[in-house]
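TrEMBL has this to say about the protein:
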{"type": "DOMAIN", "residues": "23-288", "note": "domain 'NADH:quinone oxidoreductase/Mrp antiporter transmembrane'"}
{"type": "TRANSMEM", "residues": "56-75", "note": "transmembrane segment"}
{"type": "TRANSMEM", "residues": "95-115", "note": "transmembrane segment"}
{"type": "TRANSMEM", "residues": "152-171", "note": "transmembrane segment"}
{"type": "TRANSMEM", "residues": "178-196", "note": "transmembrane segment"}
{"type": "TRANSMEM", "residues": "202-219", "note": "transmembrane segment"}
{"type": "TRANSMEM", "residues": "240-261", "note": "transmembrane segment"}
{"type": "TRANSMEM", "residues": "281-304", "note": "transmembrane segment"}
{"type": "DOMAIN", "residues": "290-343", "note": "domain 'NADH dehydrogenase subunit 2 C-terminal'"}
{"type": "TRANSMEM", "residues": "324-343", "note": "transmembrane segment"}
Amino acid sequence: MNPQAKLIFTISLLLGTTITISSNHWVLAWTGLEINTLAVLPLISKSHHPRAIEAATKYFLVQAAASTLILFSSMTNAWHTGQWDITQLTSPASSLILTAALAMKLGLVPFHFWFPEVLQGSSLPIGLLLSTAMKFPPITLLYMTSPSLNPTLLVTMALLSTALGGWMGLNQTQTRKILAFSSISHLGWMAIIISYNPKLTLLNFYLYALMTAAVFLTLNSTKALNLSALMTSWTKTPALNAMLMLTLLSLAGLPPLTGFLPKWLIIQELTKQEMAPAATIISLLSLLGLFFYLRLAYCATITLPPHTTNHMKQWHINKPTSPIVAILTTMSLALLPISPLILPIV
């Protein structure tokens, strides 16, 4: 792709995100989301592979439908209340439509079907962009409208997302699809707490973005697109693969790694809200996710499983690891001990 074109699309992404997260008016927020969608489409389809074109088409159709619902919801609310302010979402019908629209934008169950397919058709860096940066504007809209949304609906969608994200990721062999179902599962954790403590949702999102970025960039540097490629990548970069194992366990939420912090705080908050059954169910459902993270970690570092196909051993790379990967991996592993410093900031 032309560097000037790539620069224009990147600036448009930053502009769209900034407009959405800083706006108080529904039309401005919608405009920011539209700029984001249009800027990311050429990035998804830049390889001109049929899978990439298909992914871009699916992404466009889903995001256009979700944006239409957001506009419809805000117009309905303005019709009932005379208010275009994002925080003044008082009409029950509008809040219901908005919940569906934002769930579609994020890929929450039952609007999750597009996300694994789109991620599978994109390259790893664009997959990272779709899993983290593109989810930030809808999460901020959820954050701003959280007092008006229906808590029961959100908790139901959250539990279903965690269940389906874990369940459907079990039999996948493509790393991008596994990370897509991991994202759906993590969104469940964010959605369950948004009505009770929205700041925890943002903390969870930041830490999820951090850990996912570390995993995506590590996989991109070893060019491991499926489990069989991941099995032989340890000869290429042994140290990086060892760190990948720990980052995956952090993403699974095992103590004493960073990923344990948001899960611990969310379970604590749910128990305070007298929602111990929901906390128990979501904790048990996250064990499904733990299984496929362990499977990835096992393939990456522990052993070469018995198989009939002969794999070519990769050459050891002497190229130094990117400083960004090193910083992200360190943060993905070591933020739990300094959590008393993080919590007051959030």
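The backbone N, Cα and C atoms fix where each Cβ goes, glycine too.
TrEMBL: automatically predicted annotations, no manual curation.
Beyond the ends of the transmembrane segment (56-75), by six or more residues, the same chain brings 26-27, 29-30, 33-34, 37, 40-41, 44-45, 84, 94-95, 97-98, 100-102, 104-105, 111, 114, 117-118, 121, 130, 141 to within a C-beta distance below 8 angstroms of the stretch. Residues 158-159, 162-163, 165-167, 169-170, 172, 175, 178, 181-182, 185, 188-189, 192, 224, 227, 230-234, 241-242, 244-245, 248-249, 251-254, 263, 266-267, 270 of the same chain, all 6+ positions outside the transmembrane segment (281-304), place their C-beta atoms under 8 angstroms from a C-beta of that stretch. Over the domain 'NADH dehydrogenase subunit 2 C-terminal' (290-343), the average per-residue pLDDT in this prediction is 79.
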